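J.: Just passing along the structure, written as structure tokens.
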Amino acid sequence: MKIDSIKNGIVLDHIRAGKSLEVYKALGLDKLDCSVAIIKNVKSNKMGKKDILKIDEEFTLDLDVLGYLDPNITVCIIKNGELVEKKQLQLPKKIVNVERCKNPRCITSTEQGLDHVFYLANEEKRIYRCLYCETKVEKK
Amino acid sequence: MKYLIDPMDLSVEEIDELIDIANDIIKDRTRYQDVCRHKILATLFFEPSTRTRLSFESAMLSLGGNVLGFSSASNTSASKGESVSDTISVVSSYCDIIAMRHPKEGAPLVATRRSKVPLINAGDGGHNHPTQTLTDLLTISREKGRLDNLTVGFCGDLKFGRTVHSLTKAMSRYKNIKFVFIAPPELKIPEYLKHDLLDAKNLDYKEVETIEEVIEDLDILYMTRVQKERFFNEQDYIRLKDTYILDLKKLEKSKSDLIVMHPLPRVNEITTEVDDDPRAKYFDQVQNGRFMRMALILKMLGLENEVER
């Protein structure tokens, strides 16, 4: 299968196989007008199989969202067809409106206009907790 | 100190200072009776809690201040759908300090963003209840003369009991504390407290299912009520509520200087025959609650040095 290289844009590499659509939705790529390639189950020496996303436009990427989804994703910035920068991600200290608190007793369930904020409670185990009620995020 | 949301917001030194102020108040209350003259405490209780509200109001009145507020959300704009943020924006214009209880966890934290005055969390759902924790620490400090080198048993509803979670976190900062958690499998201490706190800090703890097997080791036995309002399913509540009942027989093998604590209200988990035993300290806790809230109000209004200690 052949997919054209992009000229100016972003390539997200080393996405865990099968997770590219989740990343696509979380980053709001459906709202872009440019070409976006979702490439699934690409052979990888490091990972066995991986997914790749190619976005044919320069845009501001929410690195916190991406780092939260998977800090092992590699972000490649492409300019004039050349790789100009590779960014390594980190687990963000907090995430805003990425997850919703599932605790029915949490104030976020009733207070209008309140952001759903989660903070990194345990880096090693990648545990995030609600800022308001400390309920743990149950990852899908 | 502008806001008190979580007891862990306070450093050990700040807690020591509050205990010192409370002890000084206990020594001679009359010296404090006018310190908060012309100051207003608003008690905003979006869910009923007679004793905590009365304790706050009694504390402020004992300092010569005034109180206003409400004791349930039903007669307020909250019942019309007003947000917590808006209610606080309005009410903080009417008072000098707020004590707030709300059924939703995290509501007091939301309130701090709009409050123009100091704010104390007087309980948010099953989450935090810092003034109860401070009261417990004052009681332990007064009765045992220390907050370190103690074996503390917690008994009853350790899953939903926020007083247990808060006191466990607070006590974990003192040296050589041994924790004993006495609960049925359904109401055991949450995993996150074990992993994130007790294991992470390598603290000494064990979990058992009966009071009898550990009573002789304990310096403190902290009893709790199985709270009906924390259950979604009434049948679970009925099945578990009578699991642990403390009577004089179970106390037979205890140390003579054991103290029995309870955040109250109790239902039947401590029989009334225990009330007159010198080890029973739960009604002293209530008294200490008032003095600790006086100390806290003074500290948060910046008036703690108005009386020479």
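Note: Cβ is positioned from N, Cα and C throughout, glycine not excepted.
Fair warning: this is a prediction, and the values are worked out from it, not measured in the lab.
Copied straight from TrEMBL:
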{"type": "DOMAIN", "residues": "B:4-141", "note": "domain 'Aspartate/ornithine carbamoyltransferase carbamoyl-P binding'"}
{"type": "BINDING", "residues": "B:ARG51, B:THR52, B:ARG101, B:HIS129, B:GLN132, B:LEU264, B:PRO265", "note": "carbamoyl phosphate binding site"}
{"type": "BINDING", "residues": "B:LYS80, B:ARG162, B:ARG225", "note": "L-aspartate binding site"}
{"type": "DOMAIN", "residues": "B:149-298", "note": "domain 'Aspartate/ornithine carbamoyltransferase Asp/Orn-binding'"}
J.: Fewest other C-beta atoms within 10 angstroms of its own C-beta: which of the binding-site residues B:LYS80, B:ARG101, B:HIS129, B:ARG162, B:ARG225 fits that?
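T.: Fewest other Cβ atoms within 10 Å, among the binding-site residues B:LYS80, B:ARG101, B:HIS129, B:ARG162, B:ARG225, is found for B:LYS80.
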J.: State the Cα to Cα distance, in Å, between B:THR52 (carbamoyl phosphate binding site) and B:ARG225 (L-aspartate binding site), rounded to an integer.
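T.: With the alpha carbons as reference points, the distance is 16 Å.
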J.: In whole Å, note down how far the CA of B:ARG162 (L-aspartate binding site) lies from the CA of B:PRO265 (carbamoyl phosphate binding site).
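T.: Here the two Cα atoms lie 14 Å apart.
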J.: What is the total of other Cβ atoms whose distance to the Cβ of B:ARG51 (carbamoyl phosphate binding site) is within 10 Å?
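T.: Excluding its own Cβ, B:ARG51 (carbamoyl phosphate binding site) sees 12 Cβ atoms within 10 Å.
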J.: Same-chain residues six or more away whose CB lies under 8 A from the CB of B:GLN132 (carbamoyl phosphate binding site)?
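T.: Set apart from B:GLN132 (carbamoyl phosphate binding site) by at least 6 residues yet with Cβ under 8 Å, we have B:THR52, B:GLY123, B:THR163, B:SER166, B:PRO263, B:GLY289.
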J.: When secondary structure is assigned with DSSP, how many helix, strand and coil residues does the domain 'Aspartate/ornithine carbamoyltransferase Asp/Orn-binding' (B:149-298) contain?
T.: 59 helix, 27 strand, 64 coil
J.: Taking each of the binding-site residues B:THR52, B:LEU264, B:PRO265 in turn and counting other Cβ atoms within 10 Å of its Cβ, which one has the fewest?
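T.: Fewest other Cβ atoms within 10 Å, among the binding-site residues B:THR52, B:LEU264, B:PRO265, is found for B:PRO265.
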J.: In whole Å, could you give the widest CA to CA gap in the carbamoyl phosphate site formed by B:ARG51, B:THR52, B:ARG101, B:HIS129, B:GLN132, B:LEU264, B:PRO265?
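T.: It comes out at 17 Å between the most distant Cα atoms.
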